Structures are given as C-alpha cells and as structure tokens.
Amino acid sequence: MPHALTLNAGSSSLKFALFELGDLSGAPAVRITGLIERIGGSSHMRAQRADGTTISDAPLPPEEAADHETALGRALDLIGQERPDARVVGVGHRVVHGGPDHAVPIVLNAEALEKLRALEPLAPLHQPHNLSGVRAALAAFPEAVQVACFDTAFHRHHPWVNDTFALPRGYYDKGVRRYGFHGLSYDYISGRLAEIAPHLHAGRVVVAHLGNGASMCGMIGGRSIASSMGFSALDGLPMGTRSGQLDPGVVLYLMSQEGMGADEIADLLYKRSGLLGLSGLSNDMRKLEEAGTDAAREAIAYFVFRVRRELGGLAAALGGIDALVFCGGIGEHSVHVRQKVCEGMGWIGLELDEARNMRGETVVSTDLSRIRVLVIPTDEEIVIARAVRDMLARRG
Ligand code: ADP
C-alpha cells in the first residue's frame with residue numbers, strides 16, 4: 001500500500017506523520033502522527049493513530065534518539081510495527097527557507113540539497129536541522145521521492161514594497177528580503193477557506209497564526225500580499241521566546257554598549273524574549289493565563305496589542321478586510337486572546353460574538369459583524385502530504 005511520510009525536523013525535535021496515498025487521485029489519509037522531543041537529551045516519543053488513540057507515549061533511551069538520524073530510525077520502527085503493510089513511496093519535508101527562487105515544492109536530490117544548504121546563513125537556527133531530517137530520510141528511503149515544502153514559498157509573490165527593506169539595493173540582490181514564514185499553515189487555511197467560505201477566500205483576509213511561533217498574513221484571493229514576518233522568523237509579533245519586531249537600534253545598543261556578540265544576541269532574541277522574557281515565567285500562553293500575575297498579564301497584553309496593530313496594518317495593506325481567521329495553538333484555543341484582540345474593533349466593522357467565541361465555533365463573529373471572524377485549526381502536515389502526492393502523480 002503506497003504511503004507518504006511527512007517530516008518536520010526542528011532543532012531538537014522531529015514531527016512525523018504517515019499518510020495513505022491510495023491511487024493518488026484522492027486526499028491523503030492520515031494514519032499516524034508523532035513527535036520525538038529533546039533529541040540528544042532526555043528524549044520522549046509520542047505517537048497516535050488517526051482516531052486519537054495512543055501508540056506510544058514514553059521516554060526513549062538516549063541511544064535511540066542521539067540525533068535526527070537515530071530518531072527517524074526509531075519513528076520508522078514504530079511505523080513498521082503499527083502498519084507493516086505501509087510502503088513509503090514519498091517523503092515530504094518541511095523546509096523553513098526556500099530563498100528567493102522557490103515558490104512551489106521541489107524534488108530533492110543531492111544538487112537541490114546543496115543549494116538549500118547554501119541558504120543556511122539565512123535561517124541558521126532552523127535550516128540546518130530541516131536538512132539533517134532530509135539527509136536522514138535520503139539514507140532511509142533511497143528509492144522514495146523526496147519533496148521539500150518551503151515555509152517561505154507561499155509569500156514569494158509579494159509586491160516589491162512588501163518584499164524589500166529600505167537598504168541599499170545591493171542587499172536585496174544578495175537575498176536580504178522580507179520572505180515571510182508559516183507558509184504551509186497559510187496555504188492550508190487558504191484552501192480550507194475556499195472550501196467552507198469561497199466568497200471570503202476570494203476577498204481580503206487576515207490570518208493570525210498564533211502558536212509558539214506567531215505571525216500574521218494578509219491575503220487577497222487566497223494569495224499572500226503581506227506578512228508580519230520578514231527576513232527571519234524573528235520579526236513581527238512577539239512569540240513564546242522570540243522578541244518579534246524590534247528597533248534595529250536595540251541590536252546596535254546591545255553590541256556597542258553591552259558588548260554582546262552575534263551568538264549572544266541571537267540567544268537573547270530567539271530563546272529568552274517574547275512571552276517568556278516579559279513574564280519571567282513561561283513561554284506557554286496557557287500557563288500565563290492560569291498564572292494571573294501582573295507580569296504574566298502584561299506579557300499577554302503586549303502580545304494582544306501587537307496582534308491588533310498588525311491587524312490594522314495588514315487591513316490597510318489589503319485596502320480593507322472581509323475576514324479574520326485565527327489558527328495555531330493560541331488562535332485555536334485561547335478564548336481570552338481572541339476576545340482581547342477583537343475588543344473595541346467596532347470601528348473597523350468587527351464584532352465578536354462572546355458566546356460563539358466561548359464555544360470555539362468556526363464562525364465567532366456576530367451575524368451583524370461586517371468582518372467575519374473564524375477559527376480554523378491548521379494542518380501543515382496535510383499540505384506536505386498533498387505536495388508529495390501531486391509530485392508522484394506528475395511523475396506517473
Ligand atoms: P507550535 O508553534 O510549537 O506548533 P502551537 O501551535 O502548538 O505551537 O501553540 C502552542 C501555544 O498554544 C502555547 O503557547 C500554548 O500555551 C497555547 N495553547 C494551547 N492550548 C491553549 C489553551 N487552551 N489556552 C491558551 N493557550 C493555549
């Protein structure tokens with residue numbers, strides 16, 4: 001039975017999912033989803049079936065998840081035991097950076113992999129890990145088609161004003177551009193909106209992907225026009241541990257006055273800032289909502305404030321707004337954040353229905369609200385699985 005495996009390799013984690021592909025004409029059907037955390041440390045593997053039942057939820061001995069390669073081996077053992085009939089004919093990879101050239105998924109071979117490696121300086125904290133996942137899969141499945149799906153691809157058609165910084169032109173040519181990220185999530189939401197509300201999909205939509213990483217995207221007709229993330233996955237909204245938009249003068253100050261080097265500043269901005277830095281407590285929104293300390297409340301207030309500012313900015317970039325979509329762990333589950341983001345937004349034509357919001361319905365705006373507000377769970381894995389299926393179908 002032909003199957004696709006999807007892999008999303010982070011710095012110390014590996015997310016995997018197995019999809020049955022059938023005869024390549026229908027939707028890939030998810031069979032297993034799993035996550036190995038803390039690779040190289042005290043690792044843990046969780047995996048479940050499509051019906052939500054648990055296959056595994058247990059620590060892994062260090063030698064079984066010493067690096068991405070051994071972790072993938074462990075995931076494949078689990079898949080083999082659970083679905084011995086699964087023949088993996090394609091592997092899809094989430095790759096954070098596709099550079100300026102890739103607006104669609106590509107088939108990976110040694111040459112393509114080398115080109116993606118050259119992009120590592122553009123995303124030093126993500127790209128090398130994504131590519132170690134690719135290398136591990138190439139070794140494990142030399143016969144399967146390997147497909148890279150880029151987080152930047154969905155945004156590659158931005159108008160120039162949303163693609164550049166006001167630096168001397170040469171930097172743009174060297175690749176210093178506003179790439180935007182979370183493209184697989186936006187791609188999924190765009191497609192889902194086309195299914196459930198085609199008139200909104202055709203219009204002006206702002207999507208707020210609010211998870212541990214967070215960004216917002218303005219779309220017209222399902223295509224990205226602008227995004228809150230720019231050159232790196234640091235820009236825009238504050239995140240679990242990332243600062244979000246920052247005056248570049250702060251970085252100059254840290255260098256010249258505090259004597260900090262690039263690695264220290266990267267550690268500060270990627271790992272010690274955002275909700276964690278502001279609250280001094282946690283990067284986890286749920287914990288902050290439960291904690292209720294002044295610092296936790298202020299961290300949430302800053303997060304909400306930046307989402308609201310970005311919403312106004314994106315609405316202006318789109319020339320108006322017909323719908324706001326919440327997704328990501330916070331967007332999907334935090335009644336409080338959705339309520340605060342939408343509070344007092346009557347002036348723009350947005351009115352939240354408190355009861356619908358509490359119940360987490362798909363549409364959480366009032367019937368009279370000119371702007372529709374929706375909550376749509378995102379699914380990056382299925383976007384990758386579809387790309388693998390399409391690539392296989394094209395190859396015949
Ligand atoms: P990632 O970007 O790592 O995929 P997720 O999209 O899973 O992250 O989002 C994780 C965030 O969602 C965390 O901050 C978590 O606290 C938050 N979250 C999940 N469930 C809830 C909830 N019920 N209420 C508030 N926040 C929640």
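Just so you know, glycine gets a Cβ as well, placed from its N, Cα and C.
Annotations in TrEMBL come from automatic prediction, not curation.
The Mg(2+) binding site feature in TrEMBL is assigned to Asn8, Glu380. The ATP binding site feature in TrEMBL is assigned to Lys15, His209, Leu210, Gly211, Asn212, Gly213, Asp284, Met285, Arg286, Gly329, Ile330, Gly331, Glu332, His333. The substrate binding site annotation in TrEMBL covers Arg94. For Asp151, the entry in TrEMBL reads active site, proton donor/acceptor. According to TrEMBL, the site 'Transition state stabilizer' annotation covers His182, Arg242.
On a Cα basis, Glu380 (Mg(2+) binding site) lies 11 Å away from Lys15 (ATP binding site).
Here the recorded positions are Asp151, Asp284, Glu332, Glu380, and the one ringed by the most other CB atoms within 10 angstroms is Asp151.
Sequence-distant neighbours of Asn212 (ATP binding site) (same chain, 6+ residues apart, CB-CB distance under 8 A): Met239, Gly240, Thr241, Asn283, Gly329. Among the recorded positions Arg94, His182, Arg242, Ile330, Glu332, the ones whose Cα sits within 10 Å of the Cα of Glu380 (Mg(2+) binding site) are Arg94, His182, in sequence order. Ligand 1 lies under 6 Å from the Cβ of none of the recorded positions Lys15, Asp151, Arg242. For the residue listed as 'substrate binding site', the same-chain residues 6+ apart in sequence whose C-beta sits under 8 angstroms from its C-beta are Thr6, Leu7, Asn8, Ala9, Asn130, Cys149, Asp151, Leu184, Glu380, Ile384. Around Arg286 (ATP binding site), the same-chain residues six or more apart in sequence whose CB sits under 8 Å from its CB are His333, Ser334, listed in sequence order. Leu210 (ATP binding site) is 10 Å away from His182 (site 'Transition state stabilizer') when you measure Cα to Cα.
Taking CA atoms as the reference points, Arg242 (site 'Transition state stabilizer') and Asp284 (ATP binding site) are 12 Å apart. Following the DSSP three-state reduction, the secondary structure of His182 (site 'Transition state stabilizer') is coil. Taking Cβ-Cβ distances under 8 Å and a sequence gap of 6 or more within the same chain, the neighbours of Ile330 (ATP binding site) are Leu210, Gly211, Ala214, Met285, Val337.
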